[in-house]
Amino acid sequence: MLALKSGRLITARNLHRNLRPIITTSQRSRQISTYNIDIAGLTEEQAEFRNAVAEFAERELAPRAAQIDKSNNFPSDVWEKLGDMGLLGITVSSKYGGLDLGYFHHTLAMEELSRASGSVALSYGAHSNLCVNQIHRHGTEAQKQKYLPDLIAGKKVGSLAMSEPGSGSDVVSMSLRADKIDGGWKLNGNKFWITNGPTASTLVVYAKTAPERGSKGITAFIIENTFEGFSTHQKLDKFGMRGSDTCELVFDNCKVPEENVLGQVNKGAGVLMSGLDLERLVLSGGPLGLAQATFDYAVEYVHDRKQFGQPVGTFQLMQGKIADMYTSINASRAYVYAVARACDRGQISRRDCAGAILYSTEKAIEVALEGMQCLGGNGYINDYPMGRILRDSRLYAVGAGTQEIRRMLIGREFNEQFKSS
């Protein structure tokens, strides 16, 4: 595994060896990890990659996670640190500074970053998958050369904008309009709930170039935050994922040059839908990491906490909770990893990309609730991480498509299969 950084090649093995010892200032440091590499089926190289990301996250993110949540601000210094690790271009060619790896590695990175800070990981996913990966997959050579190096280095922040105030799940009903003008396009309208919106310098934005054609009249554009007519409105005050900056985008006669069309005119729906499958997969690592963080904290806590003269973890009801959480996490991970490996083989299954995030999200929320219960009264106190993890896990039930839409998509895939048989 190779990453081109500052004119030299770096391997995951070297990253792992050069990382400094983990230092954490959290109230209760995680002394153990219950992640089972053998059961997860990781190769030696994949295990080294995961360990490198895990140590980075423990050092750079975990000690700050609570404050990031309280402040409702993403730590801007983290972008270039992620870039130095090579994590912002995992699926991108080394020609542009990427790692030349696949979606399995990207999902591993998402999982380990989420284990330390759900909100930082969410912004990371929006940048590295929704923006960087889409430009790499669909951009012209000139677009890749212009945008990818700085995005992969963390010098610029990326975002993707699909949803609007009036079109969330029904994304193809978007009303952001792009009208043809000399030398390019003029965009008018709004986008809403946009992750990284307040700080993004490079955004992949979908707009209607032929509204009368419905889904066949959508085009993707690469927008720079310096374009005339582009602005952002208020940053949203969210229930969870508070360190992941989110806002509304405003396009008021925003002028976009012709060379910033991503893909083909009126072919944006294909770009959008193909990207959603991979988005669902990579973001599935988020619930996995949050669930693992919950379990690691809870299982240590219940063996430290004593009542009636013995650790509460030795009581049978608590043993049942431990068993249920552990099996739920491993079942989720097995499904997500299997889908990721299939995608790396080119076998992208829409129903299973949706299924992976559907199942991992449900289990992450269940595990977070059980973990909170394991801590008793302390689980309800913000000095402990359970409330933050629960709030962060709830995002995945509505973000990147709701659980209801995922179920509908899976059912529709089977309807189509039997219709054609």
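Including glycine, each Cβ sits where the backbone N, Cα and C put it.
What TrEMBL says about this protein:
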type     : residues                                             : note
DOMAIN   : 43-155                                               : domain 'Acyl-CoA dehydrogenase/oxidase N-terminal'
BINDING  : 160-169, 193-195, R305, Q316, 373-377, 402-404       : FAD binding site
DOMAIN   : 160-254                                              : domain 'Acyl-CoA oxidase/dehydrogenase middle'
BINDING  : S169, S215, K216, D277, L278, E279, R280, A400, G401 : substrate binding site
DOMAIN   : 266-413                                              : domain 'Acyl-CoA dehydrogenase/oxidase C-terminal'
ACT_SITE : E279                                                 : active site, proton acceptor
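Annotated features taken from TrEMBL, shown on the structure.
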residue	record	Cβ neighbours (10 Å)
L160	FAD binding site	27
S163	FAD binding site	19
G166	FAD binding site	12
S169	FAD binding site	12
T195	FAD binding site	26
K216	substrate binding site	13
E279	active site, proton acceptor	23
R280	substrate binding site	23
Q373	FAD binding site	14
G376	FAD binding site	14
Rounded Cα separation (Å) that holds between K216 (substrate binding site) and G166 (FAD binding site): 19
Cα-Cα distance maximum in Å, computed over every pair in S169, S215, K216, D277, L278, E279, R280, A400, G401 that the record assigns to substrate: 23
Spatial neighbours of G401 (substrate binding site), counting only the binding-site residues L160, G166, T195, Q373 and Cα distances within 10 Å: none
For the domain 'Acyl-CoA dehydrogenase/oxidase N-terminal' (43-155), the number of residues DSSP places in helix, strand and coil: 89 helix, 0 strand, 24 coil
Inter-residue C-alpha distance, Q373 (FAD binding site) and the residue listed as 'active site, proton acceptor' (nearest angstrom): 32
